[in-house]
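Here is the structure we will look at.
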């Protein structure tokens, strides 16, 4: 049933991610349309060693080698490759995967030819730009054809003259000439040098140069618009910097999406003095920007770095070319680093860690001899990540400069910028727009990558380079600032006029660092990492005005929570007489108050609202909205917090908001008490060796954990002999009481019989004895039966099942007619072993996992609630779902273990949809018992027996070869659509008779009495309630037993009121007439032959009759089949 879900996203794209390298064939396939063009010119790669292959009739055939060639000793290069594969890679597979990835992201020769041809054509067009006469800078009347200037002209007044003229030079810059340009999203950069007579030496002041630059681009766009050799034209900004607009050109025709040519307007070499753009100098005058005079002009470091960035691209290319020529693997190392950054969404947008920065970082490591020129791309990537993980550029910046001392010092750069990485000129901080939070995110990702890199049990290649990490699946909590125009008020509140001038009016980028600093102070130890989205580069048509600063997606922020601190409702501050007390009060405002604690201290403190676990998980939301309102004038209505949006579907109770943690704890505490009392029972023939829970509630994963109930005895009838409670015929179905399974193992003894029937009788006797002793000593209401003992305790029902460890083996043994002992596995023995050994062990293990990760249980409950709502609960059992979720916590790479139910649930959905179930086993390494050798063994056994194994194969330390937990997963191919659309018949149930109606995703407003009362629950005594009675479950079992050969039945076990029926593909195939096969079939005669087909009318009537009193109506979808 799940194959639709499993096959739905088999692809992994590289924007999602555009590369897919398979494990077994090592063949990668690009999922972009560009691959169809590349196949024409990409030929097969031939082996270099030995003689070339012979081409015969168009076929490649290997030549016959002489004995000397065949046994020739390996060359030095081959020995080095063998040594590298042994010492650096977990296996040769990883090396081949790296090589295949590099082939995928590199440009084909055909693509390079297209690029070269288009660049040549554009260059020729640019040389024919007409000359115009001088005019005022503010006079744009000469622009025709609807072309607009890609600049926000605020303030409008600007001095200076301007005229159009052909560029003095057109040069390819960036990654393409360096050989580090990669797919997808190929962009080629072209530097267009503005003639010196267009500019003036004082144009660096008051945005004159950026405005002339933008107007020059508009003139180029107007000229190129008439050329048939140019396809689409759009404006954009380099890394979102509005002071550096660029012109995007696409080739015409079918190659329009193959690549983008980016035109950068630059000043001629040496036109401006770099010293003028010192980070402590001012180049935006206050009186020009605001109209108000000022005695002190603040520095404009961000504006200065924007102008410097236009002056140095040719020098940067020359520097990188020199470095790369000394290291053969430089381009490949940069390519791998760019893929790593792309997968983490760090390489694009304002303040990103771009591919250019990656190239400069690798050049820095080479120039400082931190890496060797002879290293491979693999080694270069590893060392780059190691440097990023252990070097904090927010505290100790680095520089590539080796020139005179007149350049700014690193300390001066640190006073102006949050992250410092100085270019070879010594004047430009290449990380000028990067926030400290972004660099901390880069550091965190690099450190995390190194942690699982050497783990042989982790597929390092896929975790490192093939798995996308969007914020919504990476951060535990996410919130957005929606109305960005409110940040104008924020700048005013925070008095950021100088910073606003420096960012040329971009109030979003101005306010962002201060908001991040404010939140970092407030969140403190509650979060391990605070991240934010990188504003994407805007794009707009050349006929449109530049978009406003708030014309962008909402700002998103991600919180990586610290589980030990995040749920605390107390923010304890400094003592009242401490100098820091005033700072604490200023931070928290009216929420701060003096409190006396049990240890006698009187300190400032803030107390947040929160009683239950789910409320405490959202304390960061209260904190963030309070700080933003208090300090930044951002109202709560502008904050969209995505942290507990899914909690409603698993909430328990109506008075107090709870997602089941407190209820599960009560169940566990009651079970622990019962366990202790069972251990201390005296008078049993054999002693108890272990008491183990075997129910999801005892591992905190029951979707709706049992709650203590107080019964309304007047609601029920009484059975005449035993006086037990029974449902009343005319009243609604009573409340569903789930029995909590408890396995009680008795000690082994020679007195145990070796006969299966006799063992069952002994176990029944133990159930009676246990019931009598519990009633005698603890006054519990008990009801023994041959298979179990039900105990009514604390308003809960515990179902104790006595187990004998040798019983499964006895069930496997039989005696042949010849008297030989035969040992053969069978379903009965497997079921008993599952119930008495495997499930209790799983419950104990997952209970321990819950203690390590407090949100594990909530993630399991969300996952199973979703499976139920999608009608998949019969395909994926509760145990299977719990193990799937456990794998997310035990092997989270490339993520950290989920820190909130929401992010865990999203990763669960991604695991189901993207995991390659056909070719790989999912290994759940419970208690870290499996070694690397075990992983290899599991993989080999899986490949050898794949056809006989379940669709979803999960291996655990106690089940390496069979996958007992997924044996029920169906093979049927049902496409995932909105529920109920693809089904043929819908059986609507009477809500009155659905005992779990309150657990539905959309529970009805009308409620029914289920025979329970409010009030305190008695610990002992009282009549035994109606246990495990769910009419829907019994009805479903009867339907599957009667019509399982014709149809599949699907149902949401958590309060669903519809049973969906899907006819099997071969259900309506006519069969030859046989009197023994006339159940639910009718005869059709064609000529002299008689066939039988399903009698749909009779089957639908049987649905109604079998469910009398429960079935409300049967709705046939006659457009899907013929009645």
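Cβ coordinates come from backbone N, Cα and C, glycine included.
Here is what TrEMBL records for this protein:
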COMPBIAS  27-36  compositional bias 'Basic and acidic residues'
DOMAIN    188-325  domain 'Nrap protein'
DOMAIN    329-467  domain 'Nrap protein'
DOMAIN    474-632  domain 'Nrap protein'
DOMAIN    647-851  domain 'Nrap protein'
DOMAIN    853-975  domain 'Nrap protein'
DOMAIN    980-1114  domain 'Nrap protein'
REGION    27-53  region 'Disordered'
Q) Per DSSP, what is the residue count of the domain 'Nrap protein' (329-467) in each of helix, strand and coil? A) 73 helix, 5 strand, 61 coil
Q. Across the domain 'Nrap protein' (474-632), what is the average pLDDT of the model, as a whole number?
A. 93
(Q) Just to be sure I understand, if DSSP states are collapsed into helix, strand and coil, how many residues of the domain 'Nrap protein' (980-1114) fall in each? (A) 33 helix, 36 strand, 66 coil
Q) Could you give the number of helix, strand and coil residues in the domain 'Nrap protein' (188-325) as assigned by DSSP? A) 66 helix, 23 strand, 49 coil
